[in-house]
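Here the structure is laid out as structure tokens; the discussion comes afterwards.
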């Protein structure tokens with residue numbers, strides 16, 4: 001596939017030349033980057049040494065997802081809206097991938113000294129990065145879009161070229177918008193601020209994409225089949241809300257010559273967005289090399305718990321220290337707690353993986369509580385309450401699972417050269433960091449909201465679920481054999497995800513047992529006492 | 001008092017490819033030992049084994065009288081190990097990094113802070129309060145690493161290229177520090193490619209070539225044996241290299 005993509009790039013040499021780049025240098029840089037990328041494939045949060053099997057698996061999964069999208073096309077009567085919906089799903093997924101995986105590529109300064117010390121222009125440099133990201137994105141778009149392409153071959157063969165063109169346009173729009181935004185930040189911000197802002201932006205965008213994916217569920221779009229069949233977005237004012245629908249406008253305009261006027265406008269917007277996006281990206285790329293060099297040599301800001309800074313970090317730092325003193329002993333326990341707490345609040349990759357996931361229970365809980373406070377209504381039934389209580393296990397499991405992985409895993413030598421007498425104190429310190437940093441503050445809000453939604457009668461349910469969730473996380477730590485932030489992202493295959501499956505399985509069983517106890521008089525109260533005793537014993541065992 | 005280091009028939013292979021061919025070596029306490037050799041000679045491999053980081057080897061290795069294969073933890077408690085070009089968790093501040101390392105050695109926080117401050121002052125390491133290490137220069141990082149391995153006052157210090165990235169003034173400081181440590185009975189075993197430093201500060205020099213000890217003794221002893229005036233010449237003689245000016249002339253334009 002690389003050869004095909006590079007061949008396509010070579011065919012467009014005059015275009016690159018007009019944009020101020022050296023086509024030969026561009027092709028050479030791209031070929032090298034793709035070779036390196038394939039040998040250390042980085043996708044879906046995984047960095048793989050041996051890429052071939054894993055690549056095939058990812059493409060197969062995407063192909064299956066693409067096949068599901070065919071049903072969406074068949075289900076929706078208005079085909080322009082169907083195509084718009086499909087492109088919207090793909091664009092959200094692609095945007096998510098670009099934000100999580102390719103930001104580093106755009107701001108990668110490791111090869112900068114190598115390239116920028118050679119006679120390579122800024123345009124060549126920025127275009128090579130942009131094209132690399134585009135080619136990376138294309139590799140994902142292809143398996144996602146091929147199933148519908150094949151279906152169209154059967155259903156409407158004449159529309160296949162239109163569909164193919166729209167797929168290209170979609171990739172161009174999403175890539176140029178995402179990268180254009182980043183390049184704008186690179187130009188407008190001082191390099192030392194950029195690092196911090198980028199970290200937050202990644203978290204915010206990742207959250208946005210996750211929420212967008214959940215949106216159909218949240219607005220009950222998929223509950224009723226009728227709602228889906230009759231859905232009509234392209235050609236209406238809603239069609240302006242996301243670029244995927246603009247491309248639906250192109251589809252509408254091309255396939256039905258008497259298209260709705262708004263479809264025509266949306267179609268023009270789609271084509272214009274792709275052209276403007278590319279032009280904008282190129283214009284923002286001037287002076288790219290020296291800006292990047294600025295990022296490379298920029299100083300770092302002081303740690304966010306500096307006492308000289310504003311009140312929030314001071315409060316947070318005090319709370320962090322207080323929690324550490326309260327729950328850990330001096331020595332490896334406290335050392336591990338402090339180390340984990342610092343990394344968990346500063347490591348961009350960790351924040352990106354964990355923080356958006358924490359916001360979702362928070363948003364759901366606050367949303368439901370707000371709705372009940374404003375609109376009233378009956379409290380949730382026991383089944384609903386218990387399900388939501390156990391979903392909140394994500395507040396502790398997700399931060400723990402990610403706390404052993406690090407982009408900077410090579411710094412884990414520190415665990416090897418120093419005497420780690422026993423693993424348990426280290427893992428206990430890590431658990432306390434997760435509980436103190438995430439579970440307590442976010443959980444407080446979430447459980448208050450649960451109280452509002454379900455009433456004060458669920459207090460014992462909350463206590464029981466808390467014990468069960470803590471017990472699950474202690475079991476996770478028991479099964480854990482790796483030191484904090486010392487594993488490469490791809491470490492271990494099933495070995496890496498096995499303990500998490502175990503915890504999810506046990507969590508589900510605990511939830512089921514909890515539900516069963518609600519049918520027994522005083523069952524939940526007795527269960528709570530037993531669960532807390534077991535939980536405290538397990539915690540004591542971990543500290544030994 | 002047992003020897004600081006005792007190696008008997010140390011052999012090591014990577015994927016069937018032998019790297020160390022039966023090293024025999026004894027180092028008495030209180031010495032600075034320079035461990036030199038060409039790239040790929042097996043220096044870092046030896047240091048890793050001595051530091052208890054790799055127990056897949058043949059032969060017998062005792063560090064401070066402790067069998068390193070049987071009890072690497074006891075060895076790690078009493079040594080300091082400085083890896084070559086080590087990565088750091090650079091979102092941490094130096095103090096947080098020292099806290100981690102010190103706590104693994106069971107040290108109390110005030111003691112860690114006090115010792116770190118004195119070491120940093122001696123090494124000339126200064127930075128803003130709460131500054132994270134991601135903005136540190138290579139030399140500053142190296143000083144952080146040096147400080148971190150000395151915090152627990154180890155009896156034996158292994159260092160792989162300890163002068164990497166340090167400026168001339170810092171090199172002088174580190175050399176003085178090493179000398180003072182040996183005066184207090186500490187043993188230092190380090191590898192370096194900077195021959196004149198090795199020549200000047202080492203009580204003893206061990207030259208490793210192709211996984212075998214090619215020379216072992218004081219600089220004067222080695223000089224007398226090889227009739228060489230400096231360590232660089234001695235190095236090239238014993239490792240089959242060429243001293244400056246002895247090789248064929250290099251001409252990039254020869255194809256024109």
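Quick reminder: no glycine exception, Cβ is built from N, Cα and C everywhere.
What TrEMBL records for this protein:
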- A:56-76: transmembrane segment (TRANSMEM)
- A:82-100: transmembrane segment (TRANSMEM)
- A:131-156: transmembrane segment (TRANSMEM)
- A:162-185: transmembrane segment (TRANSMEM)
- A:197-215: transmembrane segment (TRANSMEM)
- A:264-282: transmembrane segment (TRANSMEM)
- A:354-374: transmembrane segment (TRANSMEM)
- A:380-401: transmembrane segment (TRANSMEM)
- A:431-456: transmembrane segment (TRANSMEM)
- A:462-479: transmembrane segment (TRANSMEM)
- A:491-513: transmembrane segment (TRANSMEM)
- A:519-539: transmembrane segment (TRANSMEM)
Take the transmembrane segment (A:56-76) and find every residue of the same chain, 6 or more past its ends, with a Cβ under 8 Å from one of its Cβ atoms.
43-44, 82-83, 85-86, 89-90, 139-140, 143-148, 151, 225, 228-229, 231
Is it true that the transmembrane segment (A:354-374) and the transmembrane segment (A:264-282) have 3 or more Cβ pairs under 8 Å, skipping pairs fewer than 6 apart in sequence?
no
Need a quick answer: max count of Cβ pairs under 8 Å to the transmembrane segment (A:82-100), which of A:131-156, A:162-185, A:264-282, A:462-479, A:519-539 is it?
A:162-185
Where else in the chain does the transmembrane segment (A:462-479) make close Cβ contacts, counting only residues six or more beyond its ends and a cut-off under 8 Å?
386, 389-390, 392-393, 396-397, 400-401, 427-428, 430-431, 434-435, 443, 447, 450-451, 498-500, 502-503, 506-507, 510-511, 514, 517, 524, 527-528, 531-532, 534-535, 538-539, 541-542
